[in-house]
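Enquirer: Input: one structure, supplied below.
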Amino acid sequence: DGCGHTLLGPESGTLASINYPRTSPNSTVCEWEIRVRPGQRVQLKFGDFDIDDSDSCHSSYLRVHNGIGPNRTEIGKYCGFGFQMDGLITSKSNEVTVQFMSGIHTSGRGFLAAYSTTDKSDLITCLDNASHFSEPEFNKYCPAGCVIPFADISGTIPHGYRDSSSLCMAGVHAGVVSNTLGGQINVVISKGIPYYEGSLANNVTSKVGPLSTSLFTFKTSGCYGTLGMESGVIPDSHITSSSILEWPNQTGQVNIWKPENARLKRVGPPWAAFISDEHQWLQIDLNKEKKITGIITTGSTLAEHYYYVSAYRILYSDDAQKWTVYREPGVGKDKIFQGNTELYQEVRNNFIPPIIARFFRINPLKWHQKIAMKVELLGCQFSIGRAPKITFPPPPQNKNDEKNADFMDDFIHSVKTSLQTDKTTFTPEIKNTTVTPSVTKDVALAAVLVPVLVMVFTTLILILVCAWHWRNRKKKTEGTYDLPYWDRAGWWKGMKQFFPTKSAEHEETPVRYSSSEISHLRPREVPTMLQTESAEYAQPLVGGIVGTLHQRSTFKPEEGKEASYADLDPYNSPIQEVYHAYAEPLPVTGPEYATPIIMDMSSHPSTPLGAPSISTFKAAGNQAPPLVGACNKLLSRTDSASSAQALYDIPKGQPGPGSADQLVYQVPQSVAHPTVSKDE
């Protein structure tokens, strides 16, 4: 009465004490007799061991024997709290007896152990999880019987399982190993995800799980694709059933739940049997032999019709006449598959080993209210390996060839014998959509190089585009006739000359000349200031402000009075003293000076013959030009063209009031100016 969870398979199994992992009751005993194939030996591995040792293994202990019966010999006797068993316990024969004895105690979980044949060197127990191993990929052997009620798993395929999940129990849920037989698993560790879904598969319920640092998946042969129920590859005529449910609704319309409605995820009603008993079936013709590895089922998926199948058998056939019920190897009874527990959830069951057949039949055994279901089959194509065709030589023609014929018969017999093989199956190379693919060094290298190259090329393209855009924008904003940016220093420097310059260190005083002072100047040095209502003065060469700003004079206005082109010419009254500011030189770091205005006074009536041209600009620096001559009063411009023969300065590029012969244009002071006169 001391036996707990137990499953003894032909090559492996699991055993535990009663009530494990809780404290076992007092005064209990259990013996397990383990047998494997002759010629094999048994190895035992403990996943947990916690037996009271207060009386030095006298009343509570675990004892292992070689053999079974009265002739068995003891291998060892064990007890202790949290006892760590290093290595494996190996038998000398193919039979082992394990005895558990529980005396009077108050604590101790008991034990859980796994066994297998000695050729499974990588045996683990049902309690091992992915966090116990540091390798990114490894192979382990799971014993039979790892679907245990006291272990939990979180996750599902293809997303993966949380690292705290039992490896072997997750392997059963994923369909890579059988709970009855056990088997080899190939585990791949990868980065965890924030959320793990739950599902029901192979009689194992996976729970919803939170974020973890890592997860694991399984590598398989990849034969887990859908076979055509959902996609419609299997035609309606290939889906049949034992009966069909027909019933009228409230409006009197007849509803027919036909077998072709049994397509997974198909909107609408499912297939339903007219009579709900154990003799009903749903049959699918795959058109040819296929390798069937699993099945997914749901209920009616209609909230108003809460129908589903909770348990069923599987039958298969090659001709739809002789049917075989699916059984697991080494098990003498039919396999009963767990179905749905409600009408919406998809439940998966895998076939280990897979089924090779053309016709597939589902036989419901338990259901809720009515037999109704939707189905999808999992698997892949199936191929048969055949021996190459042999071409035989022609028979001998005479008696001399009898020896050669005998030799040929022996040769053909030996070839036939060597080519005699059983029906061999080859798994096609089909991509596995349910598990993580193999991780190799090449894939890892490519996963690193490809993003780096993409980032480098993207950066280069962005740099080129930005440079091209900046260059075009610079050309556009720095064109000859465009306004500069308002934050450019050159713009402010160019505009400062239009305002009176005031400096704390040096304030330049404008130079003015009165009429009396002008009278003492020599004729060639008399600056003639001719002001008209429309004439404007030469423009300063200010970089970046040409063409778009309104033209302005380079002369500094007098303080207290703003000059106006509409004012009377101050030179009409020789008695009135006129103070006029002359153009001042621009700063040293600024743009060039305005082009000087040169006027020829030789043809003026009051000017002596041979008088040179005079400039309206003052001398360099702040010094006034020397008074080395005298000049009579200046004649001002009158509205009558016949009054005075004065010549006025005309700005460059603007038409003057007189004829071309009466105009004298500006030339630099350093250039000799020939006098041009014309007698009226």
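Heads up, the Cβ atoms here are built off N, Cα and C, so glycines get one too.
In case it helps, TrEMBL gives these features for our protein:
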DOMAIN    3-118  domain 'CUB'
DISULFID  C3-C30  disulfide bond
DOMAIN    120-216  domain 'LCCL'
DOMAIN    223-380  domain 'F5/8 type C'
TRANSMEM  443-468  transmembrane segment
Enquirer: Per DSSP, what is the helix/strand/coil residue tally across the domain 'LCCL' (120-216)?
Expert: 11 helix, 38 strand, 48 coil
Enquirer: In sequence order, which same-chain residues at least six apart have a C-beta under 8 angstroms from C3 (disulfide bond)?
Expert: L15, S17, I18, C30, W32, F100
Enquirer: Give, as a single whole number between 0 and 100, the mean pLDDT over the domain 'LCCL' (120-216).
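Expert: Overall, the domain 'LCCL' (120-216) comes to a mean pLDDT of 94.
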